[in-house]
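*Asks:* TrEMBL lists 28-389 with the feature domain 'Ammonium transporter AmtB-like'. The transmembrane segment feature in TrEMBL is assigned to 12-31, 51-67, 74-95, 107-127, 163-179, 199-216, 228-249, 283-307, 319-340, 352-380.
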Amino acid sequence: MSSNYRSFRKSVPWLILFLETVFIILFYFLFSGYNASISNISYTDFQDVNNMVIFGFGFFLAFLKRYSFSSTGFNLLIIVLGVQCSILMEGLLVLLLREAKEGDLKIITTAVVSMTAVVISSGAVLGKTNPIQLIVMTVVEVIVFQASRWINKRFLQVPDNISMMHVHLFGAYFGLAVSSRFSEPSPRSEKNASTPKSYLLSMLGTLFLWVFWPSFNSVLADADKTKAIYNTYFALAVSAVTAFTLSVLTTMDGKFRMTHVHSAALAGGVTVCYAAESIDYPWIAMILGLLASLITILGSFCLQRCLNPALKIHDASGVHFTFGLPGLLGAVAQVVLLVIKKWTVLPSLGYVVMIYIGAFCLTISVALITGFITGLILNFKLLKIIPVSKYFEDHFYWEVSFRVKLTMWEYI
């Protein structure tokens, strides 16, 4: 291994210490004497979302056989840094715009929810970025996502909870745009593969996400949290059942495939996130869950075989068909349900529909443009880009010296 890539001792610690110093100083000025209003979010709500983001996504991305340390470890690193950055952005906007201060738990919960976008984006470049690049990407994406949310709320009058649910769309397309600027790994690379053990660990992440997703969709709900939980659960349940069904129907040998269940079981939760608290009947959420699972599994075939090779994009974790396509379906579903529900009541229905469509288009456009620019920035030599031959390697960043323990674990 080249000496230029042997150690990050002269860069990573100092970058993290610099950011933490800046964060502490800004927290001192922005939150000294901070008198927050009472929050309607309980600690249980926050705990559910925090567990989902830390445990769920940490294990969800641990499917590569030589990259499990980095998947879970770097996930924690970018989340704890990103949450601080997100809170500072919220505090800065409150100070500049002189808005009402929110409750402490709502501030930190909103920050944790917003980190979903960053974690999804990191999945698109999984195994291809070093810690410096991930930290830079995290800071840039948090700032841009908060700016996008502010535009949606300020100028398009999109409700706060709906603008936050853009995390799936923003994270997926920001990550794909960043990934387009990285070299593609060899299709025959043994490192870019999974083992039964690594996929079992990743499936554990899917289970964490599945269990906590109703809390995620309802935590910022304004009107009816119970209805949001109710609809999200039914959408998740049907998408999981559909994933098993389609897995058997689409495989050559008629067996279940873990990759299908791994992604499609979550599609229903992503799709109903926009309309979870406004859906009146559970059968509507169930139909959306079925369609979400269908589009995820069929989309995985089409994207991996047709679109991604044509655009020269390597989607390491399949974030496009796991979060991007279900998110687009949810955006369309929200508009359709709004038209059906309000067409006889709301005179300015056309204006409202255009506002929601404009918010989705703005979110995706900002994600693609800023993601592409961020990808260019991450390829500066100053950030110590890693060669393709070193993709998907834990020992490149972590001390992996317990050979005996690893050997014993491999036989379990």
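In case you wondered, yes, glycine gets a Cβ from its N, Cα and C as well.
No curator has checked TrEMBL annotations; they are predicted automatically.
Owing to the predicted nature of the structure, the values given are computational and were not obtained by experimental measurement.
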*Asks:* Between the transmembrane segment (352-380) and the transmembrane segment (163-179), do 3 or more CB pairs sit under 8 angstroms, pairs being 6 or more residues apart?
*Replies:* yes
*Asks:* Determine the mean pLDDT over the domain 'Ammonium transporter AmtB-like' (28-389), rounding to the nearest whole number.
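*Replies:* Mean model confidence (pLDDT) across the domain 'Ammonium transporter AmtB-like' (28-389) is 90.
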*Asks:* Do any residues of this chain, six or more beyond the ends of the transmembrane segment (51-67), have a C-beta under 8 angstroms from a C-beta of it, and if so which?
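*Replies:* The answer is 75-76, 79, 112-113, 115-116, 119-120, 122-123, 126-127, 191-195, 197-199, 201-202, 204-206, 208-209, 212-213, 215-216, 262, 317, 392-395.
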